[in-house]
Each structure stands twice: as C-alpha cells, then as structure tokens.
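Visitor: The structure that follows is given in the form of structure tokens.
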Amino acid sequence: MPLITTETGKKMHVLEDGRKLITVIPGDGIGPECVEATLKVLEAAKAPLAYEVREAGASVFRRGIASGVPQETIESIRKTRVVLKGPLETPVGYGEKSANVTLRKLFETYANVRPVREFPNVPTPYAGRGIDLVVVRENVEDLYAGIEHMQTPSVAQTLKLISWKGSEKIVRFAFELARAEGRKKVHCATKSNIMKLAEGTLKRAFEQVAQEYPDIEAVHIIVDNAAHQLVKRPEQFEVIVTTNMNGDILSDLTSGLIGGLGFAPSANIGNEVAIFEAVHGSAPKYAGKNVINPTAVLLSAVMMLRYLEEFATADLIENALLYTLEEGRVLTGDVVGYDRGAKTTEYTEAIIQNLGKTPRKTQVRGYKPFRLPQVDGAIAPIVPRSRRVVGVDVFVETNLLPEALGKALEDLAAGTPFRLKMISNRGTQVYPPTGGLTDLVDHYRCRFLYTGEGEAKDPEILDLVSRVASRFRWMHLEKLQEFDGEPGFTKAQGED
C-alpha cells in the first residue's frame with residue numbers, strides 16, 4: 001500500500017502486510033541504548049511496525065554536514081512520515097545548528113506535545129497529588145526561529161517571530177488534543193502583559209478559537225504565574241498551550257514534578273510528519289554503562305502507537321510499564337539510586353515479562369483518535385482594510401550620549417518630512433530625557449515620525465537613512481505601520 005492519509009488527517013506508510021513503516025534514529029550518547037530497549041518491547045508486544053534505521057546528530061556533524069541531518073535520513077522521513085528518535089547531541093554556542101531543531105523545522109512539526117503524569121513508586125514531593133497534564137508547545141516560531149544578528153560588537157539581537165497562522169494552529173491542536181483525551185480545561189500561558197504584539201497574538205488566537213469549543217473551559221494565564229501555580233497546585237492543570245520558549249521551560253518544570261526527564265516523553269507533530277522522542281538529552285557520561293532509564297523513549301513510542309491508531313498495542317505496553325513500576329521490584333538507578341538500581345536490560349526484560357498484566361492502582365487514560373486541525377493555508381491569512389507607514393525606527397551604533405545624539409539627528413532630519421520623536425536604549429527612552437538613570441550601551445533606537453501627506457514613501461525613508469548614515473553607523477530599520485488605524489508597533493518605556 002502507498003502512503004495513506006487517515007480520516008483524522010494523519011499521514012503514514014502502510015506496507016502490504018499491514019505493518020506501518022517508521023524511521024528509527026538511535027541518536028547519540030544514551031540514545032542507542034534507550035532505542036534498543038524500546039524496540040525490544042515493541043517487538044515483544046508484536047507492534048505492527050517495520051523500521052528504516054537512519055542517523056542524525058554527532059556522527060553526521062563529524063562528517064562535515066552542518067545541519068546534522070544527512071539527505072538519506074531526510075528521504076526516509078519523507079517516505080515514512082513517522083519517526084522514533086533517540087536524543088541527539090546539540091552544539092553549544094558558535095557552530096552547527098541543533099539537529100533536533102533542524103528536524104522539527106524541516107518538517108514543520110509545529111506542535112510539541114509533552115504529557116506529564118504521576119508514576120507509581122517514583123519518589124517526588126508531589127506523590128499522591130494526581131498530576132496528569134499535557135504541555136502543548138508551539139514548536140517552530142518564537143525565538144527558536146534562530147534569526148540572530150550582532151547589532152554592534154557588544155549587542156546581540158534575536159527576532160521573536162509569532163504569526164497568526166502558527167498561533168491558530170497550535171491553539172486548535174491543543175483543543176483537539178483535549179477532546180481526544182477527554183480533558184475538560186485548556187490553559188493558554190503567555191507573556192502578553194509585556195510583549196503585547198508577539199505573545200498577544202497567541203492570546204488573541206486562543207480567545208477566538210476557544211469559542212468553537214464550548215465543551216472545554218478556556219483560561220488565559222500569565223506564564224510566570226503558570227510556573228508559580230504548577231509548583232503550588234499542579235493538579236489544577238489539564239492542558240497548557242504556550243509559545244516555544246515558554247513551553248520549553250514549563251515542560252521541563254512539569255517533568256520535575258513527576259520524577260525527572262527519565263519519565264518525560266514527547267511528540268513533535270505536523271500536518272505531514274510526526275517525530276517521537278524523549279525530552280531528555282544524550283547524557284554521554286552514562287552511555288554504554290547499561291544503567292540508564294529508557295522509560296521516556298518507551299513512552300514516546302507509546303505516543304507514536306496512538307498516533308498510528310494502534311491503541312490496543314499502546315495500552316498493552318503502557319500497562320506493562322505501569323505494572324512494573326507499581327510492583328517496585330525492578331527499578332532503574334535514577335529512581336532508587338545507582339548503587340542498587342536495575343540495569344537497563346533488566347528493566348526492559350521486566351516490562352516484557354509483564355506484557356498482558358494490568359496495574360492495580362494506576363489507570364491508563366482512555367484515548368480516542370486525534371484529529372489534526374485544519375487552518376487557512378494562505379500565506380497571509382489576515383488582510384487589513386487599510387495600512388499606512390507612519391514613520392521609521394533607525395537603529396544606530398554610537399558612543400555619543402543621548403542628548404548629543406538627539407541634537408545631531410534633529411539637524412540631519414531638518415528639511416525632510418520626518419521629525420525625531422524619541423531615542424531609546426535597550427527599550428527605555430533616553431531622549432528627550434525623562435529623568436531616569438539608564439546604563440547605556442552603544443545601540444540606540446531612533447524613532448522618526450512622518451509629517452508629510454499620506455504615508456511615508458520608500459524614497460523618503462531611504463533619503464532619511466542616507467542622511468543618518470553620513471554621520472552614524474546604522475544596522476537596522478523598522479517601518480512603523482498602522483493597520484486599520486491601529487499602531488503595529490509598541491512604545492518605549494517612558495515614551496508618551
């Protein structure tokens with residue numbers, strides 16, 4: 001059989017014998033051990049799967065492939081559409097891109113799903129609280145777009161990109177997931193009180209889409225309060241949908257509530273491809289010692305089976321895992337201490353021996369087929385009735401103090417249809433002076449407002465920039481636009 005699309009919108013490769021073909025990437029560090037243990041359990045459970053094993057990560061970087069993902073791996077994923085992946089080493093600082101992020105962005109796996117639940121016999125201060133929640137993290141936008149520039153030799157900039165399309169997709173995904181898992185409440189965590197345009201886009205999308213799901217309670221929460229509430233009363237949460245950076249932080253926090261990253265699976269799901277992996281890293285210091293806990297990768301495989309709509313096999317494996325933990329005789333070193341913890345192979349064998357058994361105290365949640373949400377595919381889904389360029393922010397590098405810079409820019413703008421409105425330094429207005437005490441850096445935003453008829457024209461803007469450039473080094477321009485009469489830009493701290 002060829003690549004098929006299910007009634008719920010998922011794409012998968014089904015072989016003639018009915019098995020579903022997936023790509024397996026063993027990964028780096030402890031990854032191969034975790035994946036090997038998981039494949040043994042899948043095979044013992046007679047999961048109807050076939051595998052193509054491919055590589056990514058450290059070995060690929062060593063071959064000089066800067067993305068960390070070779071073409072043969074990309075071709076396999078395009079064929080199978082489903083990936084089970086071990087952790088990959090991530091370069092730190094300068095150098096290659098993260099292969100993890102490359103895979104997510106290459107295949108537009110826009111939804112990162114990280115379930116968290118209490119496990120039996122896993123020590124945690126929250127034992128008995130009934131924690132059972134899912135963090136749904138937008139996976140390709142935000143600061144993780146990775147668009148960075150050195151503005152001056154000592155000032156760096158990262159662009160935080162949040163789109164309406166990306167926000168609507170992740171919000172719809174969260175509500176559909178809540179329905180499929182029988183959950184009754186979705187929280188949206190943003191920092192829209194500070195980043196009113198970027199983070200505010202997710203908040204506005206959430207409030208609009210929530211009206212289509214009257215059976216689910218929709219609650220907006222500021223992200224720092226979400227972190228506070230997760231520590232104080234985590235059982236109040238069922239689904240949290242949030243932006244990329246916020247989700248990265250909150251999901252690691254939630255995994256700490258239930259015993260650590262060894263019990264934290266995840267899925268990266270898009271309209272075309274789904275990638276399943278543990279949240280934890282490659283932990284090279286434990287590699288090859290047969291002591292690691294493969295539970296996170298195994299639970300990621302359980303998530304994969306449910307995505308493939310192999311619910312019976314998923315329940316079989318999850319029940320065996322929960323029975324093993326509940327029994328408490330064979331537990332790994334991260335749970336009971338490495339001096340007396342079971343070997344990885346012993347733990348894996350215990351789970352296999354418990355296939356077909358049901359835990360007495362811990363129940364597996366009921367799952368229904370999850371429907372991938374559909375959104376407007378237009379590149380520009382929002383078309384304003386009117387728009388107007390009302391000015392320009394010119395970013396310059398200089399060691400001048402604000403008053404000297406302001407006077408110089410006012411002289412340079414004389415005779416143009418622009419007036420200098422204000423100058424800010426790291427977001428705080430420093431000219432005209434407000435009486436504040438600002439520690440300055442060599443990066444100024446200089447805001448010019450248009451005083452001519454209609455809107456500012458490109459030749460007029462370029463003439464202004466040319467005048468500024470005759471005296472100062474500039475590195476960045478931003479048009480100030482109004483959409484339907486509303487400003488598409490924010491004010492500096494202290495700006496009137």
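Glycine residues also receive a Cβ, built from the backbone N, Cα and C atoms like all the rest.
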Visitor: Have a look through R62, R63, R78, R137 and flag the one Swiss-Prot assigns to the D-threo-isocitrate site that S98, N100, R104, R114 belong to.
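Guide: Record check against Swiss-Prot: D-threo-isocitrate site with S98, N100, R104, R114, extra candidate from R62, R63, R78, R137 is R137.
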Visitor: What is the nearest of the recorded positions Y144, K191, N193, Y286 to S98 (D-threo-isocitrate binding site), using the Cα of each?
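Guide: For S98 (D-threo-isocitrate binding site), the closest Cα among Y144, K191, N193, Y286 is found at Y144.
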Visitor: Identify which of the binding-site residues L88, A283 has its Cβ surrounded by the largest number of other Cβ atoms within 10 Å, counting every protein chain shown.
Guide: L88
Visitor: Would you give the longest CA-CA distance, in whole angstrom, between residues of S98, N100, R104, R114, R137, the set recorded as binding D-threo-isocitrate?
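Guide: This binding site's residues have a maximal Cα-Cα distance of 20 Å.
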Visitor: So which of the recorded positions is most packed in, judged by how many other Cβ atoms lie within 10 Å of its Cβ, out of Y144, Y286?
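Guide: Neighbour-count leader: Y144.
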Visitor: Quick one: Cα separation, G281 (NADP(+) binding site) versus N100 (D-threo-isocitrate binding site), in Å?
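Guide: Answer for this pair: 10 Å between alpha carbons.
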Visitor: Measuring Cα to Cα, how many Å separate D248 (Mg(2+) binding site) from K232 (NADP(+) binding site)?
Guide: 19
